[in-house]
Amino acid sequence: MAKLYFYYSSMNAGKSTTLLQADFNYRERGMQTMLWTAALDDREEEGWIHSRIGLKKKAHLFEKETDMLVAISMQHEDTTLDCVLIDEAQFLTKDQVFQVALVADQLRIPVLAYGLRTDFQAALFPGSAQLLAIADELVELKAVCECGSKSTMNMRVDEEGNPVLAGQQTAIGGNELYVALCRKHFMEKLNG
Ligand SMILES: Nc1ncnc2c1ncn2[C@@H]1O[C@H](COP(=O)(O)OP(=O)(O)O)[C@@H](O)[C@H]1O
Ligand SMILES: Cc1cn([C@H]2C[C@H](O)[C@@H](COP(=O)(O)O)O2)c(=O)[nH]c1=O
Ligand SMILES: [Zn+2]
């Protein structure tokens, strides 16, 4: 049975690095992979998965309208796939999570999805909510808060480093816009 995996964490926990490492591992054994990332993440070159330690790899882009099952099936007919790897999986829609579940169940290709659990207001992203609900395996990746505890939350900050309390769920950025914190420090900073 092929499984749907959800590797989740705060920002800066090494999700993209781990994804690229898993991809390398498949490929060094002569296996074929298909990489995906969110079209709306325009931090680096469009269509590439970048990790903060400098690894990068070209990827397919998913948009809200992308039918993941159709796109992956077409690729699989062309080149038999051994694994599908998805970065920024928090930005998948609910329907797309069901589509990648069908990739595992019907096409029998393992799907490894990597994403944030929660947003800057401690709410689940739609993709993460659905992955937490239906993935076969949930794996937490760990980053460290300034206090040394595990960071599970993401605080959005302004130019002065003050917490941002309200805004759109999606705001693409990196260390200039977000700080990964443990829950205790997230709550303390948010409550002033
Ligand atoms: N120059 C560096 N050398 C080694 N590790 C680094 C470097 N820069 C960043 N990192 C580490 O890389 C990790 C972030 O990797 P990344 O895959 O981009 O995370 P994520 O996708 O979860 O946001 C952090 O643990 C960070 O400390
Ligand atoms: C917390 C939070 C994050 N985002 C965005 C910011 C980044 O572009 C990605 C996460 O990137 P990672 O380093 O690969 O984990 O998500 C957002 O849009 N809204 C949020 O609340
Ligand atoms: Zn802390």
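Each Cβ is built from the backbone N, Cα and C atoms, and glycine gets one as well.
Per TrEMBL, the features are as follows:
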BINDING   S9, S10, M11, N12, A13, G14, K15, S16, D87, E88, A89, Q90  ATP binding site
ACT_SITE  E88  active site, proton acceptor
BINDING   C145, C147, C182, H185  Zn(2+) binding site
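Of all residue pairs in S9, S10, M11, N12, A13, G14, K15, S16, D87, E88, A89, Q90, the annotated binders of ATP, the farthest apart have Cα atoms separated by 15 Å. Checking the recorded positions S9, A13, K15, D87, E88 for a CB within less than 6 Å of any atom of ligand 3 leaves no residue at all. Most Cβ neighbours within 10 Å, among the binding-site residues K15, H185: K15 holds that distinction in the structure as shown. Between the C-alpha atoms of C145 (Zn(2+) binding site) and M11 (ATP binding site), the distance comes to 11 Å.
Residues within less than 8 Å, Cβ to Cβ, of C182 (Zn(2+) binding site) and separated from it by at least 6 positions along the same chain comprise C145, C147, S149, K150, S151, T152, M153. Within the group of binding-site residues (M11, A13), the Cβ with the highest number of other Cβ atoms inside 10 Å belongs to A13.
Taken residue by residue with DSSP, A89 (ATP binding site) is part of a helix. Around D87 (ATP binding site), the same-chain residues six or more apart in sequence whose CB sits under 8 Å from its CB are K15, S16, L19, L35, W36, T37, A38, I49, A59, Y114, G115, listed in sequence order. Rounded to a whole number, the C-alpha distance linking H185 (Zn(2+) binding site) with M11 (ATP binding site) is 15 angstrom. Only M11, A13, K15 of the recorded positions listed as M11, A13, K15, E88, C145 bring a Cβ under 6 Å of any atom of ligand 1; the order follows the sequence. Annotation note: K15 (ATP binding site) sits in a helical segment as assigned by DSSP.
Annotation for the binding-site residues A89, C145, C147: lowest Cβ count within 10 Å of the residue's own Cβ, C147. Report note: the Zn(2+) site is defined by C145, C147, C182, H185, and the residues of the same chain whose CB lies within 8 Å of the CB centroid of those residues, excluding them, are E146, G148, S149, S151, L181, R183, K184, F186. Close to ligand 2, meaning a Cβ under 6 Å from one of its atoms, are these of the binding-site residues M11, C145, C182: M11.
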